[in-house]
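Q: This is the structure I have questions about; it appears just below.
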Amino acid sequence: MNITNCTTDASMVVRPKTVTEKMLICMTLVIITTLTMLLNSAVIMAICTTKKLHQPANYLICSLAVTDLLVAVLVMPLSIMYIVMDSWRLGYFICEVWLSVDMTCCTCSILHLCVIALDRYWAITNAIEYARKRTAKRAGLMILTVWTISIFISMPPLFWRSHRQLSPPPSQCTIQHDHVIYTIYSTFGAFYIPLTLILILYYRIYHAAKSLYQKRGSSRHLSNRSTDSQNSFASCKLTQTFCVSDFSTSDPTTEFEKIHASIRIPPFDNDLDHPGERQQISSTRERKAARILGLILGAFILSWLPFFIKELIVGLSIYTVSSEVGDFLTWLGYVNSLINPLLYTSFNEDFKLAFKKLIRCREHT
């Protein structure tokens, strides 16, 4: 997402890059781009080829992977060329298309994270009712909404840009906007509002999970103290222990449906009679949940917050940054498209099995 204000200043003029510097930068960015393509392609293939992953929650993950793949295929390569050559050599029309695709795809990737957080929040706090509403059609509508909002956020500059062919062709490809209202509209719509919503949702998700752990531990303790209760539940099907990885990655609905559907929970391990042991297990799960949520939020904030702070202060003419700083912060945001497939699938056993299956298939071919 390259929305740098076109303010120039003599103090911001920097020396040209040496050949060695250009090679190192090019190699680094090519590696990032290649890994982003491979990882997101693997997520898409895993979901498409694994029937067990055909769930509405995973459709959102798949759509996120498609969006991040578009960033890697359509945006990153031209950015590498632009940075290495120190000038834009593809003409005005390609510049316009590239900038529009860049803004749309990056905004869409961010909004996908917001929608995924919202889906998980509904699945955890209102599991039984939301399970009936959580359909492929609903996931499709959420994805369509995300793309629509992204287009409305990124397209307005097209209406006030000059559409005449420049002669000679432009040597710089940056969105030039002096519209303060649009700067505020785009930065808040693409990042600050989604960030606020994501923080609120994951905060509530964590507390819902923490409360659930405590309730399950308390229920087990009560059931273990009653022999009659044990006998009365002997014929009941044992529900599985809630797994942090399910809640933190793909589809937590199933476990929460089981938990919320059962007012009374059958006894599990009799060696958990001591309150200290139960509290220790609960605390371990809470810490694991906190770590996973911390990774998700931390990666998102570290990737995009510096860029959008820069965009706000530059767009409001508070400060001007060099092209090197702008490029670094832009690519820091792009790296989020590399991190997303790792964070949103690595903690889920179904995805791990699907990836292993894909690797085995490639080895046999």
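Yeah, the Cβs are placed from backbone N, Cα and C, and that goes for glycine too.
What you are looking at is a predicted structure, and each value in this text was computed from that prediction instead of being measured.
In case it's useful when we look at the structure, here is the feature table from Swiss-Prot:
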type: BINDING; residues: Asp102, Thr107, Ile175; note: ergotamine binding site
type: DISULFID; residues: Cys95-Cys173; note: disulfide bond
type: CARBOHYD; residues: Asn2; note: N-linked glycosylation site
type: CARBOHYD; residues: Asn5; note: N-linked glycosylation site
type: MOTIF; residues: 340-344; note: motif 'NPxxY motif'
type: TOPO_DOM; residues: 1-22; note: topological domain 'Extracellular'
type: TOPO_DOM; residues: 48-59; note: topological domain 'Cytoplasmic'
type: TOPO_DOM; residues: 83-96; note: topological domain 'Extracellular'
type: TOPO_DOM; residues: 119-138; note: topological domain 'Cytoplasmic'
type: TOPO_DOM; residues: 161-179; note: topological domain 'Extracellular'
type: TOPO_DOM; residues: 203-291; note: topological domain 'Cytoplasmic'
type: TOPO_DOM; residues: 315-324; note: topological domain 'Extracellular'
type: TOPO_DOM; residues: 348-365; note: topological domain 'Cytoplasmic'
type: TRANSMEM; residues: 23-47; note: transmembrane segment
type: TRANSMEM; residues: 60-82; note: transmembrane segment
type: TRANSMEM; residues: 97-118; note: transmembrane segment
type: TRANSMEM; residues: 139-160; note: transmembrane segment
type: TRANSMEM; residues: 180-202; note: transmembrane segment
type: TRANSMEM; residues: 292-314; note: transmembrane segment
type: TRANSMEM; residues: 325-347; note: transmembrane segment
Q: Just to verify: the residue among Cys95, Thr107 with the fewest other Cβ atoms within 10 Å, which of the recorded positions is it?
A: Cys95
Q: Is the transmembrane segment (139-160) close to the transmembrane segment (23-47), in the sense of at least 3 CB pairs under 8 angstroms with a sequence gap of 6 or more?
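A: The transmembrane segment (139-160) and the transmembrane segment (23-47): touching, no.
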Q: Could you tell me the C-alpha distance between Cys95 (disulfide bond) and Asp102 (ergotamine binding site) in angstrom, no decimals?
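A: Per the Cα atoms, Cys95 (disulfide bond) and Asp102 (ergotamine binding site) stand 10 Å apart.
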Q: Counting a contact as 3 or more Cβ pairs under 8 Å, with residues at least 6 apart in sequence, do the transmembrane segment (60-82) and the transmembrane segment (325-347) touch?
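A: Between the transmembrane segment (325-347) and the transmembrane segment (60-82), which are separate recorded stretches, there is contact, as judged by 3 or more close Cβ pairs.
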Q: Using DSSP and collapsing to three states, where does Cys173 (disulfide bond) fall: helix, strand or coil?
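A: SS state of Cys173 (disulfide bond) = coil.
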